[in-house]
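The transmembrane segment annotation in Swiss-Prot covers 17-37, 46-66, 92-112, 123-143, 156-176, 197-217, 226-246, 257-277.
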Amino acid sequence: MDNTLNAFLRGIIEAATEFLPVSSTGHLFLFSYFFPFQNLSVPHEAFEDLFDIFIQTGAILSVVVLYYKTLWSHLVEAVRFGLGKSTDRSGFQFYLNLIVGILPILILGFLLKSQLDQIKMRSDLLLILGMSWFVGGIIMVFVEKRHLDESSGKTIGFKESIIVGFLQCFALIPGVSRSAATIISARTMGVSKKDSAEFSFFLAIPVLTLAGIYKLYKHRQILNSETIGLLLFGSIISFIICYFIIRLFMAFIRRRSFISFGVYRILLGLLVILYFVRY
């Protein structure tokens, strides 16, 4: 497959799965397993690693564009509260929740970075992905069936942010999905579908941005005209498609539960496990 077409398709896959609770990283690995980049002038593994995180930044930018009014208004409120010019602490609490929510995965990810890199090299990675999709799907269906009532009015507070932050660490396991870990954990505490999804979006901004900066520094030696072109192209595709996917996703969950995503994970997990066992 031509590398430009490969980058285009990966950008679409990233955009379609990043903020859905189905694991974008798992889908990208599955695609690269069958359709790797060809004839690159740089080490393939390093470029694959950088490309995946780079196109995630495109998806992140779509969140910033879609929610810039919310992010900016909360920032203004936080600054005014910090300077003592306002008693409204909602903006300050918003960003405090985000900081608390990202610290566990940043710390654990840093401590385990060498082990996490080794996981991608394992011969049984497909089995790990399949099991993660399957088990995560069962948990998602179970949680949604128990929390279909949206009348509790529970919102994301400091305590909820801590719990979501720690449970987000499970997303370090390939196939678990950062979105699934954060959404499911919020839903178990009675938070609405909308608030659970949006908090997951907001958590992704600092987590994936910092991960992108780290990967860019780590693989800086492979940057050249060929790789930069593919990275930017994939990111632009991811940004454009993800902008519309998020809007469709939010419209979907206003009417439906997350059960369909759980069923999808179960079926995909079974297919991947069967493929691994057979081949």
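Glycine is treated like the rest: Cβ placed from N, Cα and C.
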Beyond the flanks of the transmembrane segment (226-246) by 6 or more, those residues with Cβ under 8 Å of it: 3-4, 7-8, 10-12, 14-16, 18-20, 37, 40-42, 47, 50-51, 54-59, 61-63, 65-66, 201
Top Cβ-contact partner of the transmembrane segment (156-176) among 46-66, 92-112, 123-143 (pairs under 8 Å): 92-112
